[in-house]
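Let me begin by presenting the structure, written as C-alpha cells, before commenting on it.
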Amino acid sequence: MGKDAETVSNGGDAQVSNSTQGFKLVGFSNFVRTNPKTDRFAVKRFHHVEFWCTDATNVARRFSWGLGMPIVAKSDLSTGNLSHASYLLRSGHLCFLFTAPYSPSIAAAENLTSAAIPTFNSSACRSFSAAHGLAVRSIAIEVEDAELAFSASVAHGAKPSSPPINLDDRAVIAEVQLYGDVVLRYISYKNPNPPENTSHPDSWFLPGFESMDEGSVFPVDFGIRRLDHAVGNVPELAPMIEYVKGFTGFHEFAEFTAEDVGTSESGLNSMVLASNNEMVLLPMNEPVFGTKRKSQIQTYLEHNEGAGLQHLALDFEGDEAAKWGRWVRVYAIAAAYLLPEFEKRVGDVLSDEQIKEAEELGILVDRDDQGTLLQIFTKPVGDRPTIFIEIIQRVGCMLKDDEGKVYQKGGCGGFGKGNFSELFKSIEEYEKTLEAKRISAEPATA
C-alpha cells in the first residue's frame, strides 16, 4: 500500500482520519459487488467539471474541437465579469467549464463582485495553475438539495470549502474538499426540472452566463453524452476511501490490486466508490512501492505536485465503433492492445464489422455478467504527464423508469480488469519513451 513509502506532500488531505484499520483490498476476483444504498443525501448525476487554467479561451477552443463539444455559454469581460473568464462546453449531459483569472486589481478598482462562479478565488486559481498546470478544480454533482448535501457531508467529516450560496433564488451551490486541491461541488435547482433545451444557460446551468454566438461554435458532434466516471490519484488509498465514503455514504463498486492490473515492473491499487443510482462513480488510485520501476501513480503525484484528478471517462453514444475514429485522430492513443480471445469474448455483442473496427482503432473491450465495456484512452492532454481522457461505451443493462422511459443502468459492464491492465501497461510504455528522451543533467563543458 502507498503508506509504506514516502510520498509527495498533499496539504489538501490533512482532514483525513488515520483510523483505517478496517480497510483491506481483496482484489478483483474476490470482490463481491453489492449496493446497500447508503447515500447520505439524494444524488442525481454528474453535472459539470471545471478546469482551472491560465488561458480559458484557447484551452476551451482546443477541447471543443478535439471532443466535438460546442462552446455554448460564456462569462467574461463581454458579459460584465471582471473576475474571471469562463467558457462552457456542452454535449448531451456532459458539461466542461474552463476558467482563468483576470487581474484581481481590475475588479478591485471597480469595487465590483462580478464572478459568475461565486466560489471563484483569483489567488487560489493562480496558485492552483502554478502547482498543477492544466487540471480539474471541481467535480460537480447535481443533488436534490445542495444545502442538505453540504451539511450532511460536513457533519460526517468533510472539510468545507464553500458554504451553500443561493444564486438568484434559482440554484444553490456548495463545495467540500475532495482530494488534494480538488473540490466536490454540490448544485441543486429551485426548479427540480430545469429546461435543458433552452438557449439561455442561466436556466439550466448557472446565472451570469450568456449564450455564445452561433458563428463562434464548432459545428461538430462526436456522440459524447455524459461523464461516466472521474478518477483521482492519491498518495494513500485507505484514508481517502474512508474519508469520501464517510461523508458521502457512497458504496464500494469495484477494486483492483497490483496483482490484478500491474506489471512485473510496477503497480497500483484502486477502488471505485458509487452513489445509490451508480450514476456517479469516483475511482481512486494509489501507488505501490518496492517494484523495479516507479509506479505511474507516483509519477503523476510528483508532476501534479500532489493528489488530483487523473482522468475523465466520457460516455459515447453510437452504434458504430468507427465513430470513435474521428475522435482518435485528434488525440494520440496510448493504448493499442486487445484482450486475448477477443472475438470469443464479444462476438455475440458486436458485429464482425464492429470487431474489425475495434481492432483497427485499438478499442479495448471487456465484459461482465451484466454488460459489455468498450474503452479507448488518450495520452496526457496537457504539458505534464498528468490528466488524460477516456472515451467509454457501455452496452446492455437497459431498464425502464416509472414513466416507461428506457435508460441504461449506471456502471453497466463494471470496470474491466483486462482493459484496466492494458491501460496500465500502455501508460508504463509511454513513460519509458519519455525517459528514453531525457538529456543528461551533466553540465556542458566549455
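Start at 1 and count along the chain as shown; that gives each residue its number.
The backbone N, Cα and C atoms fix where each Cβ goes, glycine too.
As the structure is a computational prediction, the values presented were derived from the model and not from experiment.
As annotated by TrEMBL, domain 'VOC' applies to 45-189 (among others).
As annotated by TrEMBL, domain 'VOC' applies to 226-379 (among others). Per-residue confidence over the domain 'VOC' (226-379) averages 79 (mean pLDDT, predicted model).
The Fe cation binding site annotation in TrEMBL covers His229, His311, Glu390. Other C-beta atoms found within 10 angstroms of the C-beta of Glu390 (Fe cation binding site) number 23, with every protein chain shown included.
For His229 (Fe cation binding site), the same-chain residues lying six or more positions away in sequence with a CB closer than 8 A to its CB are Val272, Leu281, Leu282, Pro283, Leu312, Ala313, Ile392. A sphere of 10 angstroms centred on the C-beta of His311 (Fe cation binding site) encloses 24 other C-beta atoms.
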